[in-house]
């Protein structure tokens, strides 16, 4: 095992004691920390994804273990994005598209990690800017209306060239990694997670001619809404977008880094998670 692999940070999302997963997470935290020690790793715990962090600890870590579901992984990836550190998910919860292993497979994963038998996947991330405020998104950036009623007009530009006006509930700008998240629920296309592209998917557009659009990641995009709107990052953070204020989006110079088992197959994951090829009775 390389010395640089010896320290693992552990992310756990705070869970209310009335949440059905609370006791399971509490037991899992203790078990994971003990397992890391038994396998020869140093570790430290980060409870919460609210931005409070010890930069020295994050710099010290080789990677971050995210205990929970995809939401925990997304929060951890955004927090550590500028540090260029990989994360891996240990699933406790539901779907888990991003997770590397189940809890009962963690020991084998750590043993493979010590022997450098784990693959590093690098995915496109988004960098957004509103005024002087910059942020990263792992799955998607959503421009959403603030009011329950009415239509939100969004003017879209490639560089400085206008190319479309969306009129509806909003617009999703997704990464390939995020194409199986909110984008998929909004009837956007699934794009291979390692592709270099953006997916623009309108939300309940007024025009029946509007369809999702896939653009190469070499483009810089910007958007303006005709009235105040919300910008939602990975379903976890929000920013205000004033009327006619530009939102700039481009490919982040730093990739999203996920550690996965060598045996992981993207198409097999899609088949299992989306129940492709299953009979209707099994899907229920």
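Keep in mind that glycine also has a Cβ here, set from the backbone N, Cα and C atoms.
For residue 70 (active site, proton acceptor), the same-chain residues that are 6 or more apart in sequence and have a Cβ closer than 8 Å to its Cβ are 89, 95, 96, 97, 98, 99, 181. Feature annotation from Swiss-Prot assigns active site, proton acceptor to 70; the stated evidence is sequence analysis.
Residue 177 (NAD(+) binding site) counts 25 other C-beta atoms within 10 Å of its own C-beta, drawing on all protein chains shown. What Swiss-Prot records for 70, 71, 139, 140, 167, 169, 177, 180, 181, 182, 183, 184, 185, 236 is NAD(+) binding site, and it gives sequence analysis as the kind of evidence.
Between the binding-site residues 139, 185, 139 has the most other Cβ atoms inside 10 Å of its own Cβ, all protein chains included. A strand conformation is recorded for residue 167 (NAD(+) binding site) in the three-state DSSP classification. The full span of the recorded NAD(+) binding residues, 70, 71, 139, 140, 167, 169, 177, 180, 181, 182, 183, 184, 185, 236, taken as their largest Cα to Cα distance, is 30 Å.
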